[in-house]
Amino acid sequence: VPRTRILATGGASHNKKILQVLSDVFNAPVYTIDTTNSACLGSAYRAIHGLVAETNVSLADVVKLAPEPRLAVTPAAGAEEV
C-alpha cells in the first residue's frame, strides 16, 4: 500500500502550524505547490484531458505536466502514539 501524503492548497497552506497539525493528526507528510488558484489549475488539467480524450491519453499522463509539490512538513516524532 503506498504511503499516504497530504496535498495542501489555499491560504492555510502558507501556515506551517496548521500544516504541522494536519501532518501529526494523519501521520503523513504534507506537500504544497507554489501555484495560486490551484483549484483552477486542477480544472484546467481536466479540461486538457477532455480535449485529448479521443487519443486515449490518461489523466495521469496529462497531470505529469503539473508542478511537483514540495515537502512542507513531516509528522513530529511520536505523533502516531497520540
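Any Cβ shown, glycine's included, is placed from N, Cα and C.
Quick look at what TrEMBL annotates:
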DOMAIN    2-49  domain 'Carbohydrate kinase FGGY C-terminal'
Helix, strand and coil residues within the domain 'Carbohydrate kinase FGGY C-terminal' (2-49) as assigned by DSSP:
27 helix, 6 strand, 15 coil
Across the domain 'Carbohydrate kinase FGGY C-terminal' (2-49), what does the mean pLDDT come to, as a whole number?
87
